[in-house]
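According to Swiss-Prot, the S-adenosyl-L-methionine binding site annotation covers Gly258, Gly259, Asp281, Asp308, Phe309, Arg323. The active site, proton acceptor annotation in Swiss-Prot covers His327.
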Amino acid sequence: MASSRIVELATRISENTAIVDAYLRENQLPSPSFDEDGPVDFAIQGEEVKKAHEEAIALSWELHRLLLGPSHFLRPVPNGLSLQAISKHDIATKVPVHGKISYAALAQQCGLSEINTRRFVRYAIVHHRVFCEPQPGYVAHSAASRLLAEDPVMRDVLSHYLEECFPSFAMTLRAIDQFQDNGEPNQTGWNLYHETQDAPWDYYETHPAMARRFASTMAYETEREGRSSNVLVEGYAWTSLLAETTATTTSPLVVDVGGSRGKTALEIAHAHPELTLLVQDLPSMIEGARDQLPAIPARERVQFMAHDFFAPQLVPADAYILRHVFHNWSDRNAVRILRALVPSLQPGARLIVNDYIAPVPGVLSLAKEQRLREMDLIMLTLCNAYEREEQDWKRLFQEADPRFHVRTMSVPKGATEGILEVIWEG
């Protein structure tokens, strides 16, 4: 008789976990633990152990769901509420490291009742392994809560997602009904929750604390493995611009559209001395940016120009970088951005797009696909955008102008974002 699925899963979980455990032992790395001094992340390298790690996570998730059964896992639970309370009331920083505190004392410091403090913390303990209760009535740290207590960036990340995104999710379907799913960034669940007609980035200009928290969260997310600018700097054949330059000079010009403070442009200029970079962004974004670039020789080949990417492009160039530009915009607005480039495009000019290329379901590991689907719903909730698949990207460029030709589209090994090379054939 063939083994049942749950026994098969348990066996495969054991096999993959053994590979991860052997790697940790061989490299004298700490074993995962919920304890206060447990490691906060996996520092694993190598394709085999990474694959085993992802497999163990996916198989464990499936086994957990099978053992629960659909009648249980379909029940809605207030899964984010306890973390939202922990974030809003900064509970983690009020629990002593390598110590404990009574619920009564903790409640007093947090400005909550003892009953609510106890219920939020105990939910977080059993559902998220955030905090522990070493003896009845007393709270101490777990690895996760200690991370929150000691790392202000992680507190920013939790606060952004739980205090800004989480309550907006409940308003998203209402926004779709109310605004007829029109794709505008100021007609979202986020807008209904915050009671504003401003898009998030406009709202942040008058809410500096939220703006700082958002910037901190985005910096954290961007620098995660596979999302840093290294993917673009190292993953694109920049030297090919020399062979196909449309410029009248010997140094190809690359315009970084929406290039923020010039970090990515400087990295490209440093890695490729043959290129000249021009960073374009809104005046408030680029003000003083060049003076803040590191004093290295490549800095002389990075210039800045105030420009709104919805306005007609004024600078003819060999290539235009659009890194994380389309990610925040619906198709109708992404088409506007592309059409604004057309006035300055010369035959053979390239668009180098660095953004998500969502694969079809089942290609990614379960953990990575879950993260992708999370981001897709977050983009809907915050700005009416979405994560585009290959066919979506091709359709977008065709809708903007049939003279755009998608020459290549790929995701570099180890990256979570892809690179599209689009040629202007006008």
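The backbone N, Cα and C atoms fix where each Cβ goes, glycine too.
All features noted in Swiss-Prot, drawn onto the structure.
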residue	record	DSSP class
Gly258	S-adenosyl-L-methionine binding site	coil
Asp281	S-adenosyl-L-methionine binding site	strand
Asp308	S-adenosyl-L-methionine binding site	coil
Arg323	S-adenosyl-L-methionine binding site	strand
*Residue among the recorded positions Arg323, His327 whose Cβ has the most other Cβ atoms within 10 Å*: Arg323
*Of Asp281, Asp308, which of the binding-site residues has the most Cβ neighbours inside 10 Å?*
Asp281
_Measuring Cα to Cα, how far is Asp281 (S-adenosyl-L-methionine binding site) from the residue listed as 'active site, proton acceptor' in Å?_
16
_Inter-residue C-alpha distance, Gly258 (S-adenosyl-L-methionine binding site) and the residue listed as 'active site, proton acceptor' (nearest angstrom)_ = 12
*Please name the residue among the binding-site residues Gly258, Gly259 whose C-beta has the most neighbouring C-beta atoms within 10 angstroms.*
Gly259
*Measuring Cα to Cα, how many angstrom lie between His327 (active site, proton acceptor) and Asp308 (S-adenosyl-L-methionine binding site)?*
16
*Sort out the sequence-distant neighbours of Phe309 (S-adenosyl-L-methionine binding site) for me: same chain, 6+ apart, CB within less than 8 Å of its CB, listed by position.*
Val257, Gly258, Gln280, Val325, Ile337, Ala340
